[in-house]
Amino acid sequence: MDCYTKYLAENVLSEDKVVTYRYLSRALRVHVNTAKQMLFEFHRSQNAKCPNTVHATYLVYGRKKADAEQPSALKNGDGDIEMTSSPPEAESISEAVPAYSLSLIPEDRLSDALADYDEVFSIHVYSIGPHPNKDVALLADAANATLNLESKGDVTQLRAIINPRARRREQQGAGLRAAAAAATVKSQAKSIFPKPPTAPSTSQVKEAPKASQTVEETAEKATLSAPAKKGSSAPKSAASSGGIMQAFSKAAAVSKAKKQTPALRSATPASVEESIPQPLSDDGEDDEDMPQPKPSRSSAMKTKKQREEELRRMMESDDEEEKKKKKEEEEEEEEEEEESEHEQLPAEEEPMAEEPKAPEPVKEEPAEIITATTNGRRRGKRKVLRKKQIMDEQGYLVTVTEPAWESFSEDEPPPPSKPKATSLAPATQATKPKKGGKGGQGSIMSWFAKK
């Protein structure tokens, strides 16, 4: 029996819990009287090793003394109480009935409490804890823990007294309660509307379906008469346009009437269900006071979330299609550019590129290839690094830089030596006419000297 000492040491000494004899009997699957003895032995052995380490609470059952049962107001002198107008004394019809009391007493007040009892029928350890019991709420929590502890197997083996007619209800969520209530209402509705109509007790039940049928028929007539009136109020020119449009309008009116009739049918059983008295709970209170769940909001939220997810998927699919189209267009443009560049190459260079058969060492490709030069302009292609967005294996877009050929057409850069020669030539040409001018014109003084 060392298992109970380990269990109590872990719960009481290590985890500072209050353990009752009921909780111990259910946890270890032992008789309740055996659990009481276990608590007593553990309390005695632990206090023998270390005093005041474990504190007990006792349950005392017996008959208290007459003086203890009287209220404090009656203990004055002869027991009379001063009143303004005392009623006449009533004669004692029957003998005094003895009163028995059941009380939970801490360990430190046990001797004082036993002095108030005239006769004690039973006394045993109710619970043990690491601290002296000064708050009754701790015992209430321990009792709730006993109820929450699932009892597997037959509880009668523990000598627990159970009412055979009692029904144990498990507290479930609000949604399950609503489903159970709907199931009970449906079963009651089925019992009210039985299939065999020949029974004499179903005379009142027959009137309810008849009333619902009349309501449905009137609704169908109203729905059919409404479009008929609208059609008659329309101008005759529209009616003379053709019989095909009339046939379509009639079909639409019939479909609307069919849609409205199920709504009326679903409304009539709801009214019948409201008239059915719902069963009361075991506490005697009506179950309608309990807050019912509102599935409409949750369903609306679900539909909104579904719509948002569908829109996101549509947008993602559209983006993927656009990216694929862009990639295809870029690839086609690159292929067209390469084909045009190959066509522009001279015919002599093409066979030279195809002729070499022997393997040659790989040479680095030039950064620029000039295909033609005309009128001071040159045309060709050059290597350029371009960025591309590629979908990787995991479905993410990745930007990659790849070398690509780009065609260009630009002016030829002038050679560095020619500009110097051209700059000297006009300088010599400008100096020559200045010398000739000086010899032809002369000065003003020379003109006066000649005269």
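Each residue, glycine too, has its Cβ placed from N, Cα and C.
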Correct range for motif 'PIP-box' (source Swiss-Prot, candidates 33-40, 185-192, 393-400, 441-448): 441-448
Secondary structure tally of the compositional bias 'Basic residues' (376-386) (DSSP, helix then strand then coil): 0 helix, 10 strand, 1 coil
Across the motif 'PIP-box' (441-448), average pLDDT on the 0 to 100 scale: 74
